[in-house]
Amino acid sequence: MLERETMSDQNRLVLAYSGGLDTSVAISYLKERTGKDVVAVSLDVGQGGESLETIKQRALACGAVEAYVVDARDEFANEYCMKALKANAMYEGVYPLVSAISRPLISKHLVRAAHQFGADTISHGCTGKGNDQVRFEVSIASIDPTLKAISPIRDLSLTRDVEIAFAKEHKLPIVQTEKSPFSIDQNVWGRAIETGFLEDPWNGPTKDCYSYTDDPAFPPVEDEVVIEFKQGVPVKIDGHDVTPLQAIEEMNRRAGAQGIGRIDLIEDRLVGIKSRELYEAPGAVALITAHQELENCCLEREQHRIKRDIDKRWAELVYDAQWFSPATQSLNAFIEDTQKYVSGEIRMVLHGGRAVVTGRRSDSSLYDYNLATYDSGDSFDQKSSNGFIDIYGLPSRVAAARDVKFGNGIEVPENSVE
């Protein structure tokens, strides 16, 4: 739990503030409906758009008594994206947890702001049918169970029509722009697109759905890249040192130019419904592809089998709002231990929507050329396989003998060759 460093005992509320119409109206609306002064909290997790200073000034102009803004890009990349990378996190085998891994970080800063400014309630802008309401509120409760959480959309009937009328009535300094037909959430790890005509799963996505990726049907010349990892973390690209944030940003640019990382699926939401989702995650998909191949080289067979199961469960837990849970923390410990030998280089060709591994090398690889080769330098004693097969096949032979004894042996067709 974060330590409290309260600077005020006023009755305050902390709002997760994006700078858009919804949360700008929510500042005055929450004040009017709850009687609490509002502290606006904004994080930069690589979503682009307006500067934090612009967002801060808008929050204050809309009635916030304080504005807490944080450039959290490196924190997000180092502590959240890299955990997802080490876990090869793909919910339902496809989705790299673009939104799911940002919510615990945002929640942590919401709680920190609540402690700093003396708030007893945290507000978010989630609807009552999405995953994020659960992620925010479970994360907040995991950090500080004494804080309350509300949603103006879910709990206070703040609809779009009410927002516009409220903004006009109160002369809020908001310029309403043309509303996108989609609901979009984005950060440096990727971009999520939903609603609008996409809610009919038969409708194909149009080119205006995409922003992080170019059309893979018309790619530029293929792009060869070498990524060096140290204990599961990318540290160099084409020989140049990179931080985790820089690695993600560069692969977003290069893989995105090739149309890599476009995802279209029907997804099982935590709240029990299925939803149609589009995602763009060029950097995440390319980095996970490279990381998985390096693990193929460096993890022992049984360890690797177990880790694949753990990776799947980790993605499910994080998707299901369990980032801070004891179960996830235990899985983190296992995953981190597996990464101590996951160091080396992966060469990939990026082209036409695909990231294809073409080379791998590692000083800690378990691939032994002398054991694997079929040439004269082979050091594998093939005669050893005779005894291995006898022992390995013993349970099957004993069971087969029992089946034959009781008339249940496997039938072999006779005279099958004419």
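Just so you know, glycine gets a Cβ as well, placed from its N, Cα and C.
The model shown is predicted, which means the values in this text are computed figures rather than measured ones.
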Exercise for review: According to Swiss-Prot, Ala16, Tyr17, Ser18, Gly19, Gly20, Leu21, Asp22, Thr23, Ser24 bind ATP; so which of Gly93, Gly118, Gly125 is the extra one listed there?
Suggested key: Gly125
**Study point:** Shell list (L-aspartate; ref centroid = CB of Thr127, Asn131, Asp132; cutoff 8 A)
**Key:** Cys126, Lys129, Gly130, Gln133, Val134, Arg135, Val271
Review point. Which residues, sitting 6 or more apart from Ser24 (ATP binding site) on the same chain, put a CB under 8 Å from its CB?
Key: Tyr17, Arg58, Ala59, Cys62, Ala167, Leu172, Ile174
Check your understanding: So what sits near Ser18 (ATP binding site) in its own chain, CB-to-CB under 8 Å and at least six residues off in sequence?
Key -> Ser42, Ile55, Gly125
Point to revise | Recorded L-citrulline binding residues, Tyr95, Asn131, Arg135, Ser183, Glu267, Tyr279 - maximal Cα separation rounded to whole Å | key: 19
Exercise for review: Just give me the nearest neighbour of Asp22 (ATP binding site) among the binding-site residues Tyr95, Asp132, Arg135, Ser183, Cα to Cα.
Suggested key: Ser183
